[in-house]
Amino acid sequence: MSLWVILPVSLPALTITGIWVVYAMALYNQHVCPVENWLYNQSCEEELYVQRGPTLCCTLDNVPLISKCGTLPPESSFFSLICSTGSFMVMAIVLLRYAHVIEKHQNSLLNTASLSTGWICSGGLIIVGNFQVDSAKVLHYVGAGMAFPTSMLFVCLQTALTYRLAKTQREYGVAHLRLTMSLLAFTALVLSGMFFLEESFVLQHASAIFEWVFCVIVMLYYGTFAFEFAGMSGETLMVLARGGALGPEGHAHKIEALQVGPLPHAHPQPHPHENMSML
């Protein structure tokens, strides 16, 4: 098993744990209301963080959206760290997956589109993590507008690519798993977006929960690349060094290199002394 498998396994382990730690910090500091809280008020006499007692007065400013959990210090710094680290890991996974497809099969429009959407998603994730919604709302929403749709598109493209390249029963099983996760992620994203636009307290809270569900599913989806990364070799990095130029011609060269004798259609190469005499 290749050590590259550590990368897709580490991404969901780091990010899912990280965002729940951010939520726990925000909850401890009373910057957001608990996920199990469904009661909100139009206004409160005191800000949430200065309230005391078992019963808290919450407004829409305290809805436990992921971005809201990482808005105020000290959790905002940890949120930025998690988003930045996760975005670089996403870039690495997307790039290696792109090269691995070229190495094992050939390049395609689906593969190139997946690379582009994956990198746009990682760029949006950096913006989301470093520009908090309360201090830089426009930039934060720009980053969210980049990260959420492109992450969903990347998941869909990779699912289609997995079905296209599947040959064994195990590969089809991975494709079915990714299709199921894609449908769940799409449903969660649509519901989160629809409820976020509503003014209802209950729907706003439901939007936050579906946002959490979407992010967890997408991170777990990246973890499924462990199936491909387990068989990854140094040849994958050579594909990147060659600029991804390993398609059908590249595979033909690999076949020639493995054969003992020349191919039937290959022309014999002149010996070195013949070259010198020609000069």
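Using the three backbone atoms N, Cα and C, a Cβ is placed for every residue, glycine included.
Annotated in TrEMBL:
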type	residues	note
DOMAIN	4-230	domain 'CWH43-like N-terminal'
TRANSMEM	78-96	transmembrane segment
TRANSMEM	108-129	transmembrane segment
TRANSMEM	141-163	transmembrane segment
TRANSMEM	175-197	transmembrane segment
TRANSMEM	209-230	transmembrane segment
- Query: Taking a Cβ cut-off under 8 Å, which residues six or more beyond the ends of the transmembrane segment (141-163) line up next to it in the same chain?
  - Reply: 67, 94, 97, 101, 108, 110-111, 113-114, 117-118, 120-121, 123-129, 131, 133, 171-172, 174-175, 178-179, 181-182, 185-186, 189, 214, 218, 221
- Query: Averaged over the domain 'CWH43-like N-terminal' (4-230), what pLDDT does the prediction give?
  - Reply: 95
- Item | Non-local residues, at least 6 beyond the ends, that sit with Cβ under 8 Å of the transmembrane segment (108-129) | 67, 70, 79-84, 86-88, 90-91, 93-95, 97-98, 101-102, 139-140, 142-148, 150-151, 153-154, 157-158, 160-161, 164
